[in-house]
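> Encoded as structure tokens, here's the structure I'll be asking about.
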């Protein structure tokens, strides 16, 4: 990791951790993150590393994932930290967790919809069996204090009406459509959470993430902002595929990780919180922002099956409940998030 | 508002089927230059079955992929250089990287119409390299509209910037095209395209039905030079599109000149709808089988039409060329 990248990540952590007195409650605690080597796991590790170094909190972190070797290759500076222990394990085959664990962040399972449509059965299995195994193992943990289940906005189904999606929103999912397997699987996983909370009194809180952007977010993932930035870095054209009026919002990576850790402390058992930015932007405007940030001469192309759309897809969370209950705020603007992501990727290429 | 249609000229790829993959470098050079001069947006070049497909199984190319692509690249200045890629024939490491390094601009990653899953890595790789990537569903008459939509949606997620369905057997009637293209346009975010074959004399009519149903991408070839009964004839298609108010950016006289040149320099025989092509189309057999069926049927003295009917019953697909000999041997056995 170059000094420039290290500096960028440290600056991000510093900015997002502007109000961290609450984290004293995590001092000397042991947190286990399933799917711990992914985007969310890496950022939780960065924030915990920052907190341990600046606040001397002595938080220990178990990162559980199928391929921990990849983590060692991708982020050797994190893999070398004494407070991080890696567990090479597929949640589908998990039986027991380390007894010392106090907090679980269950984030296993990829949100990459290419994998969902190519491997729908494995997707369902990961969320059903994986969640069942984690929660079952959690019932045997003597010092367990909180489980944070990382669900998904896809449980809300289709939304074309609501400007901002509340935690109580009930959209529709086409059960007969293989593209909706991720949302269906996440609903099954939330149902399991409800069962284990009710029957076994496990202290479970649910987060429903929307879209994020930032360092460690693979630009090859099939999401508009990632692909726009990749196209821009490659010199363009930036390609808008589908309806450019589609509305999304993006929470910056380090803010996301701080919100997750604050949910661990402030989240109410049995409650559900949206995790995302409430600042909407159309894909057309997003492409223009990225173009401006990289090179205003880059071409933007729109490719769409239709000339006119009767509905506009809109995925923006209502976050007032999250902000108040978890005591969080967005510290990075979208412009800031875009420019820092671009810089990180450019530095990482060198 | 005038609607723009993006044309891919497959003369130097699908046409290779018509000559058992024996197009030479000179033919590629002269036609590429003429197509470029006419303002054809995308010129597709290669073995009939695409990159890396030269083999005993589907036929050996006269010239290798590198020579074909380098030759075309040298003679294209405005037109984009396109290739057809079927994962399995073409691998990323052995074939695709080299092709992109030569200067290929557009990669159309194809699979049988129910096997889009195999295209994920290839489509992803092309997008990673910043090139244009399209998904192609071949033999699309073999799947229902709803299955085609599901498979096309996978390709869209994998990174395809447009989805083209191929009437590889020339089996469609306009009503089939309308049903399938309409379903795809409604089910996808990215533009939809159509690649016609002319076994039932429907190539132009089917192409026009496709755009009337919402397609924005069409394939065509000079004089219809392509597998089996050939494709939609590009010079006719451009004329009809102009007449009906669509724009393609292709100069009409330029494409007429390119087609005249292709007839003289590229094709030994201008494609016609032969009797066996009609049976092939009705039976829904891949047009790329035509040369193999003719050769093997002749060798064993069986009626090609019977071979096509049996191949249709067995629902064979591109890449299963070895079934042709099996069918012929069964016919010989039953004759005795």
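Including glycine, each Cβ sits where the backbone N, Cα and C put it.
All annotation found in TrEMBL is predicted automatically rather than curated by experts.
Keep in mind the model is a prediction, meaning the values are calculated, not measured.
Annotations per TrEMBL:
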type     : residues                 : note
DOMAIN   : B:5-256                  : domain 'Pyruvate carboxyltransferase'
BINDING  : B:13, B:14, B:168, B:195 : substrate binding site
SITE     : B:13                     : site 'Transition state stabilizer'
BINDING  : B:14, B:195, B:197       : Mn(2+) binding site
ACT_SITE : B:17                     : active site, proton acceptor
> Need one number for the substrate-binding residues B:13, B:14, B:168, B:195: the maximum pairwise CA distance in Å, whole number please.
14
> What other residues of the same chain, not counting B:14, B:195, B:197, have a CB atom within 8 A of the CB centroid of the Mn(2+) site?
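Sorted by sequence, the hits are B:10, B:166, B:167, B:168, B:196, B:219, B:221, B:226, B:227, B:231, B:232, B:287.
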> About how far apart, in whole Å, are the alpha carbons (Cα) of residue B:13 (substrate binding site) and residue B:197 (Mn(2+) binding site)?
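Given the Cα positions, residue B:13 (substrate binding site) is 14 Å from residue B:197 (Mn(2+) binding site).
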> To the nearest whole angstrom, what is the C-alpha distance linking residue B:168 (substrate binding site) and residue B:197 (Mn(2+) binding site)?
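A Cα-Cα distance of 6 Å.
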> Between residue B:195 (substrate binding site) and the residue listed as 'active site, proton acceptor', how many Å separate their Cα atoms?
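So the Cα of the residue listed as 'active site, proton acceptor' lies 15 Å away from that of residue B:195 (substrate binding site).
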> What does DSSP call residue B:168 (substrate binding site) in the simple three-state scheme?
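DSSP assigns residue B:168 (substrate binding site) to coil.
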> What mean pLDDT score does the domain 'Pyruvate carboxyltransferase' (B:5-256) have in the model?
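Reported value for the domain 'Pyruvate carboxyltransferase' (B:5-256) is a mean pLDDT of 97.
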> Below 8 Å Cβ to Cβ and six or more residues apart, same chain only. Which residues does that give for residue B:14 (substrate binding site)?
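In sequence order, the residues whose Cβ lies under 8 Å from that of residue B:14 (substrate binding site) (at least 6 apart) are B:44, B:48, B:219, B:221, B:225, B:226, B:227, B:231.
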> Count the other Cβ atoms sitting within 10 Å of the Cβ of the residue listed as 'active site, proton acceptor', across every protein chain shown.
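Taking all protein chains shown, the residue listed as 'active site, proton acceptor' has 26 Cβ neighbours within 10 Å.
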> How big is the Cα-to-Cα gap, in Å, between residue B:17 (active site, proton acceptor) and residue B:197 (Mn(2+) binding site)?
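Cα of residue B:17 (active site, proton acceptor) to Cα of residue B:197 (Mn(2+) binding site) measures 12 Å after rounding.
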